[in-house]
Structure formats: structure tokens, C-alpha cells
RNA sequence: GGUUGGGUGGCCGAGUGGCUAGGCAAAGGUCUGCAAAACCUUGUACGGCGGUUCGAAUCCGCUCCCAACCUCCA
């Protein structure tokens, strides 16, 4: 059983059946971070969301080219300072050192969260020539003008020639934007307030600068994504993603640049992720309502009672839909941690189940198969990970019941169970990107496992002798050592807290 | 002020015009030497006010609140 993948397209504001431009292939572009400071946890959520998109498309059998850029020039602060230069000034480093440092840190965090690396990770500074060429094309087409060494995109001219399409993504109306004719600093060169710089003249103290037909300068913030998506995915491609906060002006301007340069809007499907909140409010450094990924993992923060495994954090993120805001709190993380443990333990239990059914005796096996198909169907519905997890937890209950004897293994055929095991594993680990941490065995793990078996055998002997004092002592001591013993029908099992 | 998206049970979080989301927590039961785990059962929910409808938490209007972005003010 297979359903069609539907995707919520920000452009149309509704779910659409996903049909790639070239059958079997998907071009996916995601706006990556501006690497001037440590990666924000909210960014992590966005990139985990797109990791799911990427993984699920792969699981559907598509050949995916996943491009996620690194912005290392042109993104200015409110004061007009380049974010990279600001980072360099604060850290007393060369701007490219800053970019490298925080790109490395970003990669470390994403790897820890078990996110797959993109196929191509281009940098804005590595594509200055492409960006200059793009500016030139836009000028040639009459949608940009040069003033004193800077080049501005002419939104009014663009709109006049393109049926007022500026604002199609964000819902903003150009006349509203135009009427807000308040003059901002260094905007006096613009013909209209809604015009935006695609190339900026570099002043004497500006470090990041390149030669161009318009003098020494640097590319505007939105330009790099237009240039790089076009270069690696073509003038028209399938999916463009990014955080909700980038919808305007960043993505709106990107579309305008693409259309302005080559008449194609770039992406056919736009996917936007929603924001991560903490304790019901936005994360903000100024009022202390913030936590870094590292602090979350280590527990070194007043906002959490303990450190959380990155895989628990990932699981936590998957419990909400990518288009909803998600509220991070210690209580919610505690719940996620327990749910994650329950899920992984069920997976471990499943490995040891022996199906004894066959022929007509396969009712439970059928239920397992149907439940799993339902979970996959939820993924087809706009990558609905929380619903997929809900279906999976219903399967967890069945797996536990099979082990506990409430459901009979006589009602599961071996073939069905083997298939179920494979497909569930694919969903959990390949698609959702979870990882069974306890099972990542090495020689030490092997030795520990053997030693535990010896201890459990001794304890079993004590229990057989009704020596409760000794058996409880062993259990308590192990508990203090971080190992939980659980007595079952077929002997005891153990797990690390 | 504008644009967009939200307000769901103790917490998190799906969803939908009538059919149990799920996780965590809580209560009762089964199992167990005890405990834990597991399994079974259970509960007050859809911000407020109107309207449409046989029926709305789900559609419409108004209002309050939250978030992102833009803008304004400072």
C-alpha cells in the first residue's frame, strides 16, 4: 500500500500532490545559516525538519540533490554592519576564520543531531562571480539600477512588467509597502523604499569586498541563494525551504531576483518551518530565555534539570509538526526522554520475538503491517512526523503485548514479522533518523553485556533460593550504578538509565 | 499599524463538520516474593462572544492573547 506524497506549498497556501520536475529526481534547496555566531537551537529545529524531508524523499526512492548554503557575506545587521565583520570584530578574527569556526560548530551540532549532510554546501563568498553575473542580467532586463556603485532591485519596474507578482509568497501588497515611505538610513539612493540592494558599494572600512563592474563592493544578502540555487539546481527546481522568518523579505526577494534574471521563479514548492519557543515565549538572549544546543545536551543551563541526549532532542522535535511552533520546556523534554526510551526498548524487544504463527494464524501480524502502513501514510501527508509517531506507539503497545503474553506469537507469521522488522527499522532509523544508542555495540559493550549476564544469573540463583535480601541488594546496587533490572516472565533484562 | 500562522485536557502535541490521535503525568486493575517494566481500564479539552448547520472544537464574523516578519515610535 502506498499513498501519494502531499506537501504544503507556501506559495499556494495549501497542500499539493508532490510531482517532481524530472521523474525520479528531486532538487531541494534549503537556506542555511549565516555563520557569524554559534548556531541557534531554533535553526537546529529547522534543519532537522528538512533532514526529515530529505530522508523521506530518499526513502521514497528519489535521487535527491540537497543543496544547503552557508551565508558568509552580505547579511547586514540593523546598523548596516556586515554580520561577518561584526563577528570578526567581536572575536578578533579574520572574517573567514569566523565563518570557518562557526561553520565547523554548526556541522558538529547537526552531526550530533544525526542530520545527514547536504549533497552540496556552497558558500556565498565562493560564488561572487555568479552573483555579479546575476546582477548584470537583472540590470540588462531592466529590473535594477545603479547608484554610486550600488545596485538596487527596482521593485516597481519588476511589478509593472510581471503582473504585480512581488509579494506573492508573503502576501504583502506592494502599494502598502510603497506607501510606507519613511526614510531610513542610507536608503536615500533607492527610488522606492521597497527596492533592495543586490550589490552594495564597500566603504573604506568594509573588509569583505570584491571588484565588480560597479566598483569595489559586496553582494546583497538575498542574492547568494538565487545564484547558488540556479547554479546547482537549475533555473527551475522542485523544493525550496527555510525558516518562516525568511519568508519576507529574503525569499520574496529571491523569487524577484530569479524572475528578474531568467523569467523563472526558481522553486515550485516552498516549504517553511515554524519557530521554536522556550517556556511559551520566543528565545531571546536579552532576557535570558535562551539555551544553546550544547547547554541542552550537557544540562549546563538553568532551564533544564539535566542534559538530554541529542537523539532525545531530535525525537522531541519530531513530536511536533514542522509547520507549528514548538514549545521547549524541561517538562516536555522529560516526557520526550521517557517516550524515546519506551520506543527504543520496544525495538530491542522486537529483535528477540519469535513468531510462531503461519497460514491463517496471522491476525496480529496483519495488524502490525497495517499499523506500519498507516505510519508511512502519515509521512506522505506533508511529512507528518507526530502522527507517524502516534501510529508507531500503537505498534509499540502491540510489540510489548506480544512479549508480555497479552497477545499471542501464534498469531504472527515469521515472514510477516521479518518484513515488519525491516520496514519499521527503515522508518525509525533511515527516515526519522533516530538511533538506538544502547545497541551501538563495540567490544566494551560486548564485555559489559557478558558481565551483566553473569550478575543476572547469580541474582536468579538467589531468587530461586528465595534469598530476597541478596537479590534486592544486587538490584539496588545495579540501580545505583545506573542500570535498571526488569524481571520478566522469561528472566530478567537490563537497560542503562 | 500591516502580512502570515497560532490559541486543544495537569504538561507537550496531532487532527477534524458527527467516528479513541499519540507521548508524559494521574487514578484503578492484572502480573510480580516485593519493586520496576509491561498489559488492560479511566478522567475535566478544544481562548471568549455571536452566527451558519440536524449537529462545530472543526465553517463565518467580532473580540482577547501568543509567535514570526515588515513598519511605526522611541
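Cβ coordinates come from backbone N, Cα and C, glycine included.
TrEMBL entries are annotated by machine, without manual review.
TrEMBL lists A:31, A:225, A:250, A:254 with the feature Zn(2+) binding site. The motif ''HIGH' region' annotation in TrEMBL covers A:33-43. Annotation source TrEMBL lists motif ''KMSKS' region' at A:282-286. What TrEMBL records for A:285 is ATP binding site. Feature annotation from TrEMBL assigns domain 'Cysteinyl-tRNA synthetase class Ia DALR' to A:374-443.
Structural mapping of features recorded in TrEMBL.
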| residue | record | Cβ within 10 Å |
| --- | --- | --- |
| A:31 | Zn(2+) binding site | 22 |
| A:225 | Zn(2+) binding site | 28 |
| A:250 | Zn(2+) binding site | 18 |
| A:254 | Zn(2+) binding site | 27 |
| A:285 | ATP binding site | 9 |
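Note on the motif ''HIGH' region' (A:33-43): residues 70-72, 75, 83-84, 86-87, 98-99, 101-103, 105-106, 109-110, 243, 275-276, 283, 290-293, 296, 328 of its chain, located 6 or more positions outside it, place their CB under 8 angstroms from a CB of the stretch. Listed in sequence order, the residues A:222, A:224, A:226, A:240, A:242, A:246, A:251, A:253 complete the 8 Å Cβ shell around the Zn(2+) site centroid, once A:31, A:225, A:250, A:254 themselves are left out.
Residue A:285 (ATP binding site) is 23 Å away from residue A:250 (Zn(2+) binding site) when you measure Cα to Cα. Mapped onto DSSP classes, the motif ''HIGH' region' (A:33-43) shows 3 helix, 1 strand, 7 coil. If you measure from the Cα atom of residue A:285 (ATP binding site) to that of residue A:225 (Zn(2+) binding site), you get 28 Å. DSSP assigns the residue listed as 'ATP binding site' to coil, not to a helix or a strand. Looking only at the motif ''KMSKS' region' (A:282-286), the predicted model's pLDDT averages out at 76. DSSP assigns residue A:254 (Zn(2+) binding site) to a helix. Mapped onto DSSP helix, strand and coil, the domain 'Cysteinyl-tRNA synthetase class Ia DALR' (A:374-443) counts 52 helix, 1 strand, 17 coil. DSSP classifies residue A:225 (Zn(2+) binding site) as helix under the three-state reduction.
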